[in-house]
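The next block holds one structure in the form of structure tokens; read it before the comments.
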Amino acid sequence: MALKFFYAILYLPIIVICMIISQIYFERYWVSYKNSRLTSWGLGAVIIITYFIQEFCLFQLSLFNIGQVVFMQVVSVTMLFRDKVYKIWWVLLALTPLFVNVVEYLMGILPLKDWWYWIIESIVFTTICLILTRWHRISKRISYFYAIAMLGIVELISLGITHSFSPVSIAAATLGLFVIAMFEEQHFYSEKKNEQKIKLLEKESERDDLTGLLNYRALSQEINRLANNSEIHNIVIGALDIDHFKKINDTYGHFVGNEVLNYFSTVFREQIHSAFPKHGYVYRFGGEEFTIVVSNHSLEEVYQLLQSIEKFFNNKSIVTKEGMKLTISFSCSLTDRLNDELLDTTLKRADKMLYGVKNNGRGWIVTDQHHQRPRKTSSERKINNNY
């Protein structure tokens, strides 16, 4: 008897837990191939076949070890109350009682006259799960515990109807289910923690260590996002370069150079984010080169803002930690994305235009040929770096 209690409370629940974990990874693999219809259907079929093989094995193991069928539907219930629910699990949840009872009939355990009870059992528990998943006043994890508790109650009622009550079956329907639910809860939160760590690492990998700006990797991702967003109707891309930055590094050293980069980055980030909230971003492209991407705003608006930033740098010097004063300027090119043009092409055009600015005196802002601005005079373009 003690061994049967061990099977009901620990041995069989551990097997169910392993089945749940295997289905979680099967599902992830399946979801990763959702875009390929043929592969998706094939993997969906694998999940269904694997599920029923698991249920049959669990059926045989529970009969062999404790003489009763227990823990049916636990895998499908658990999968239903995870983050993303796929319709396949609703179908499997509804079919499981019918599958188990048909197997019991074929093995001579249950008579065919009880067919109506099999259908009622399936409908009742599927309805309970449906209500719990739609009950938004409580969290999904609490709903999961309620569902497992209701599964235990349905199992106990079933035992009562079939006059199969025993201390072991009661232990399986209560303590055994509790062990499974607690493990699943720990496993779920462990997964969540790992996902948060991965997201944090991904965010950190998209930031430039020195300036805190988004980096080239983040720029590539933003370009892909904007290209696939139907709500974006206009995109302006700008390429910027701090004038004579190499001379600052060579004259004052890399620590002062880093201070200049940080100051420049902070001013640009604050100004762009303030003027174009949720639509304007600044990226460090590499070295002293930067990129700005502004969506759903005109090139004229971006140009006007850059002119005000240019005046700010002309009128306010950077004071380094060592007390030195430096006045910086920047070169910039702005271009609109043309209709149906790849954003990579727009970015390359902005970069090419920037080199044109740098080769023609630096210290001024140019737009593409459709929005050409008059160049500054040579005196206006003069750079006032104090070195």
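Note that the numbers count up from 1, one per residue, in the order the chain is shown.
Glycine too: its Cβ is placed from the backbone N, Cα and C atoms.
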38-54, 293-309 - the range that TrEMBL marks as transmembrane segment: 38-54
Which of 6-26, 38-54, 115-132 contacts the transmembrane segment (167-183) most, counting Cβ pairs under 8 Å: 6-26
